[in-house]
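Taken verbatim from Swiss-Prot:
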- CYS29-CYS77: disulfide bond (DISULFID)
- CYS43-CYS92: disulfide bond (DISULFID)
- CYS46-CYS130: disulfide bond (DISULFID)
- CYS54-CYS108: disulfide bond (DISULFID)
- CYS58-CYS110: disulfide bond (DISULFID)
- CYS113-CYS120: disulfide bond (DISULFID)
- ASN50: N-linked glycosylation site (CARBOHYD)
- 1-20: signal peptide (SIGNAL)
Amino acid sequence: MEMLQGLLLLLLLSMGGAWASREPLRPWCHPINAILAVEKEGCPVCITVNTTICAGYCPTMMRVLQAVLPPLPQVVCTYRDVRFESIRLPGCPRGVDPVVSFPVALSCRCGPCRRSTSDCGGPKDHPLTCDHPQLSGLLFL
């Protein structure tokens, strides 16, 4: 009987590994398509561009005794490989550089947020809002 219970336990544990290795219920950190609003101080227009950004879930941990121990560093979904593309904003006055660059995520990873290259804040209320009138279409360089 003990042998049968041991085999059953082994079978259940091996199947659990197969279940855990399948696609997660929530998408892990990966590049996704997104629309960004692009504008520049001194130029009277705003343009929306299609790009890829990093989004998804990263494993995090929290201490049970938060008051006693320091917090654990948390990771975020951030760029691994990125390239920058540029567009030219129309209607910029003389003396204002009309070229604006934006990131295109090539690959992503879970890691610490680098404030030097990323916005580490939470979700924005209105990510596509512009201070200037919005134009459709792109003027890539």
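Even glycines carry a Cβ here, placed using N, Cα and C.
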Using CYS58 (disulfide bond) as the reference point, find which of the recorded positions CYS46, ASN50, CYS77, CYS92, CYS130 has the shortest Cα-to-Cα distance to it.
CYS77
Within a 10 Å radius around the Cβ, which one of these disulfide-bonded residues has the most neighbouring Cβ atoms: CYS29, CYS54, CYS58, CYS92?
CYS54
Here the 10 Å Cβ neighbour count for CYS77 (disulfide bond) comes out at 22
CYS130 (disulfide bond) and CYS77 (disulfide bond), compared by Cα position, are separated in whole Å by 25
Spatially, and counting Cα to Cα, which of the disulfide-bonded residues is closest to CYS46 (disulfide bond)? Options: CYS54, CYS77, CYS92, CYS110, CYS113.
CYS92
Which recorded positions sit within 10 Å of CYS110 (disulfide bond) - Cα, from CYS29, CYS43, ASN50, CYS92:
CYS29
For CYS108 (disulfide bond), which of the recorded positions CYS29, CYS43, ASN50, CYS92 has the nearest Cα in space?
CYS29
What recorded positions in the list CYS43, ASN50, CYS54, CYS77, CYS92 lie within 10 angstroms of CYS113 (disulfide bond), counting C-alpha atoms?
CYS77
Separation of alpha carbons, CYS29 (disulfide bond) and CYS92 (disulfide bond) (Å):
37
By the 10 Å Cβ-neighbour count, the most surrounded of the disulfide-bonded residues CYS43, CYS130 is CYS43
